[in-house]
Amino acid sequence: MSVDDKTPEPAIRSGEDYNTIFDEQSYLKAYYDGVGGHPDEPEFMPFVINTLHTIFNSGQIKGSRLLDIGSGPCIHNVISASKWFDEITFTDFSDVNRRALKKWWQNEDAAWNWKPFFKYVAKLEGNADNWEEDQKTFRKKIKDVLHCDINKMNPIYPNQSDHFDAVTSSLCIEASCADVHAYEQAVKNVVSLLKAKGHFLLVGVLGESYYDVGGEKFFCLPLTKDEVTGALEKAGLENIAWYPYDTKSADTVSDFAGCFIATATKKEDV
């Protein structure tokens, strides 16, 4: 076989591909069919859910309004946080992801089933029988589902808003930025939506270059811990706490070398 006969490498998807190619149902079925996550990454999801519970159960991160940036079609990352806030706003770049969020919010029959996650968190909180009430309360606290583009100075443009008491983001920024400089700017853009002394929480992966959705590979920016914490500091954040989990993926549906949750507060003079 000549070099010309070789099958070309499949395209790495990014940007507008989230509106044209990304299949949110394949994504949900692969990674969120239960609290155990993807079978090839069995430690990742429990680490995230358990650590989020520990962080929010401390009562240190609370307020009136919470903004989740780049939610995808998912609501699970905010379940533990929801007890500590009055109002939750979800956002995403992709039309299909925003539709998936609205389906769940409006309790439509075709919405994704997040019950296993509510049951799991309720058990962590020592109130296993309260999960249904928790789910109802969560829905009532949702304020809106907005379009976002973290590469814009105002990521929720054309919407305008007062600064939020807390901003959370999971597996979004590294999937949306071509290089470290763009990552740093995107973090600044996101943090601009946060009030002074407000709390920022980031769920992310290290060293990942792709993740698979329905046989399509989507881009991810491979990052180091120093690059992430450096971006947080440049965005005017302080009191950075780092919760790592040094587990590697099986390189079947992604190739991350580790995962983390980071929390920080915004300086008053930013």
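Counting starts with 1 at the first residue shown.
Quick reminder: no glycine exception, Cβ is built from N, Cα and C everywhere.
Positions annotated as S-adenosyl-L-methionine binding site by TrEMBL: Tyr27, Tyr32, Gly70, Ser71, Asp92, Asn97.
Structure with TrEMBL features highlighted.
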residue: Tyr27; record: S-adenosyl-L-methionine binding site; Cβ neighbours (10 Å): 21
residue: Tyr32; record: S-adenosyl-L-methionine binding site; Cβ neighbours (10 Å): 22
residue: Gly70; record: S-adenosyl-L-methionine binding site; Cβ neighbours (10 Å): 25
residue: Ser71; record: S-adenosyl-L-methionine binding site; Cβ neighbours (10 Å): 30
residue: Asp92; record: S-adenosyl-L-methionine binding site; Cβ neighbours (10 Å): 26
residue: Asn97; record: S-adenosyl-L-methionine binding site; Cβ neighbours (10 Å): 24
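The DSSP secondary structure for Asn97 (S-adenosyl-L-methionine binding site) is helix. DSSP assigns Tyr27 (S-adenosyl-L-methionine binding site) to a helix in the three-state reduction.
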